[in-house]
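Undergrad: Okay, these came from TrEMBL:
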type	residues	note
ACT_SITE	Lys113	active site, N6-AMP-lysine intermediate
BINDING	Asp31, Arg32, Glu33, Phe34, Asp35, Ser80, Leu81, Glu111, Arg134, Glu184, Lys303, Lys327	NAD(+) binding site
BINDING	Cys421, Cys424, Cys439, Cys445	Zn(2+) binding site
DOMAIN	604-683	domain 'BRCT'
Amino acid sequence: MEEKERIIQLRKELHAHNYRYYVQNSPTISDREFDFLMKELQQLEERHPDMDDPNSPTRRVGSDLNQEFRQVKHRYPMLSLTNTYNEQDVRDWFESVERGLAGEPFEVCCELKYDGLSISLIYENGQFVQAVTRGDGVQGDDVTENVKTIRTIPLVINQGTSQSPTLTGTATTDKQPSFEIRGEILMPWKSFERLNAEREAAEEPLFANPRNAASGTLKSQKSEVVAQRGLDAYLYYMLGDELPSDGHYENLMTAASWGFQVVPRNGNCIKKATSVEEIFDFINHWDKERKNLPVATDGIVLKVNSMRQQRALGFTAKSPRWAIAYKFKAERACTRLVEVTYQVGRTGAVTPVANMEPVQLAGTTVKRATLNNEDFINSFDLHIGDYVYVEKGGEIIPKIVGVDVENRPLMSQPVIFVRCCPECGTPLVRIEGEAAHYCPNDSGCPPQIKGRIEHFICRRAMNIDSLGPETVDDYYRQGLIHNIADLYDIRVSQINGDGTREKSAKKIVASIDASRNVPFERVVFALGIRFVGETSARLLARHFKNIDSLMTANADELQEVEGIGEVIAKSVMAYFSNEENRNIVERLRAYGLQMSLSEEQMSATSNRLAGKSIVISGVFEHHSRDEYKIMIEQNGGKNVGSISSKTSFILAGDNMGPSKLQKAEKLGIKIMSEEDFLSMISE
Ligand code: IVH
């Protein structure tokens, strides 16, 4: 076969495999075979630049170049829906449709209301050409490159069956459809949890809910970032001059056959109804079942099914008369604020908490909600005894979203943020430019002391796994421990419950003992210096090599370390300038903790990888990923997370992700096996 023909054939095949993998969840070839075909296509495309296709399957990986979003006017304005919260509103709407259609029979399409952000996708002759955000409804941002990386969105529509795809891109004479399709971009719960876990590890602020995460991601200037974040999309409305059918539901089914994802996999997420009772069956079913969906939903959307009838009903200034959104109500509750208490964290940050009369909210009883900080309290002019509205933000942490000022009890007292630490009485401080208040008494304030000990023993720090928060609290109350160094003084006889808990006491002492071998860089992390996370601790440990050099380093010396900025440098200096901290470090040294890099780490240091940016991908046989990270750094190289044209090579184990492979191939970046890497650094 001629190479150009092969390109067309491969594109067709890869689009179809992509659909089967991501939309249908039933791949017919292995990842490896997929990667092979992709590689072949990339090589052929490189040889035939005249065959360029912006919708080639090779274009899904995104780019690390910064982009600006152009403003694009919507062909049809993107309106919103009227929201309702009760049965009566739904009945009223149903009756208004009956009246509007003068008694003509009609069907209502019942759908899930996805809680993400709306998107408009334009297809011309079966090809994806543009994606625009809602913006102000009249015009939005052109986010085409970002949307292209969402694998469930077809780049080329499939008008054949999924078994024998007849995708466009060939010199076919069949007319391919042109249309606009709208839907919701979402971050599935799984991707959201993974993303927040990664951000927590990197000490970056967390996203409050999947909607914010999806929105932040879609607006990212680098499409490569979008490609890695696992966004998804459900399409809920097709528009255009020549639609396949007069039925909205039927159009969505056609869209599904073209390769669009219109409902989550869990089935019966869309239904046509002809009576209010059927509508309520659907609402009641999903009110309970939605917690099992892979994405967040916040209601049900009801649409008159016939497009002709939709046109007849028309729009009000803001929203269509032919549709309505029923919002699930259990998500918001109204209850009374009884008291505000304050929590003090490990770093001394003080968080106000609303204590309320218990109320049912999305299946659980809620009696506490975060109030964030003083500004938040003031913004509501909150008074004790107020009726407050509570919501579960993205169904995670309950939060107060409003106050019923009309029902405020007479003579009620405004909430005034505490001036002194509720735990130790020390006057609080508010750092300029920050919203939080801090208790500065870090060495005498109980929750800070216990928090630091809990941090010290955690798995990623000293990994003293026989201890947990309850035991720490218990030992602290007994006066056994006041700081992290006291742990090493604990004797079996002090914690064996007069002999009744001898076995567990021995285990605890043994695991504290074992922590003396934990490497220096984790000791630096375990100290709990503010802003020094795992990565900065490693950088500091590797640079200064021992605790004495680190303790005496000045701001300039600290900032010489790549990745250490002014904030961390100041915090490190503040930590070691405190005499109590220095005493603790001396005691830890005396107890035998690792206060310098090991011999092995010292001797392994080389400059073989100096100036090299290396991406690690896949599963390894000889060492863990973390060990490889360390080896790279020890040899002067830099471990980076994503592939770009600056990547020197990829250290690849088994099952390297297809998108990384694809990108590496595209940029011509060398892929190195574990064995080759090991022999290279041991030369
Ligand atoms: S139809 C003319 N269907 O809800 C209105 N919207 O205010 C067309 N949404 O921002 C919208 N799921 O992004 C429709 N199944 C669904 C939906 C849905 C979520 C969002 C949409 C819009 C908001 C409506």
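Using N, Cα and C of the backbone, Cβ positions are placed for all residues, glycine too.
Where the annotation comes from TrEMBL, it is an automatic prediction and has not been curated.
Where in this structure would I find these features, and how exposed are they?
TA: Lys113 (active site, N6-AMP-lysine intermediate) falls within a strand segment according to DSSP. Non-local contacts of Lys113 (active site, N6-AMP-lysine intermediate) by the CB criterion (under 8 A, 6+ apart in sequence, same chain) comprise Thr297, Asp298, Gly299, Ile300, Val301, Ala325, Tyr326, Lys327.
Arg134 (NAD(+) binding site) carries neither a helix nor a strand DSSP state and counts as coil. The Cβ neighbour count for Arg134 (NAD(+) binding site), using a 10 Å radius over every protein chain in view, is 19.
For Cys421 (Zn(2+) binding site), other Cβ atoms within 10 Å of its Cβ number 24.
Mean pLDDT across the domain 'BRCT' (604-683) comes to 84 in this model.
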Undergrad: Per DSSP, what is the helix/strand/coil residue tally across the domain 'BRCT' (604-683)?
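TA: Its residues divide into 30 helix, 18 strand, 32 coil.
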Undergrad: On the Cα atoms of Asp31, Arg32, Glu33, Phe34, Asp35, Ser80, Leu81, Glu111, Arg134, Glu184, Lys303, Lys327, which are listed as binding NAD(+), what is the maximum pairwise distance in Å?
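TA: Overall maximum Cα spacing for these binding residues reaches 45 Å.
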Undergrad: Ligand 1 is in the model; which of the recorded positions Asp31, Glu33, Leu81, Lys113, Cys424, Cys439 have a C-beta less than 6 angstroms from one of its atoms?
TA: Leu81, Lys113
Undergrad: What whole-number Å value do you get for the CA-CA distance of Cys439 (Zn(2+) binding site) and Arg134 (NAD(+) binding site)?
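TA: That comes out at 44 Å between the alpha carbons.
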Undergrad: Setting Cys421, Cys424, Cys439, Cys445 aside, what same-chain residues sit with their Cβ within 8 Å of the center of the Cβ atoms that define the Zn(2+) site, listed in sequence order?
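TA: Close Cβ neighbours, site residues excluded: Val344, Gly348, Cys420, Pro422, Glu423, Gly425, Thr426, Pro440, Asn441, Gly444, Pro446, Pro447, Gln448.
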Undergrad: Nearest to Cys424 (Zn(2+) binding site) by Cα distance: which of the binding-site residues Asp31, Glu33, Arg134, Lys303 is it?
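TA: Checked the binding-site residues Asp31, Glu33, Arg134, Lys303; minimum Cα distance to Cys424 (Zn(2+) binding site) goes to Arg134.
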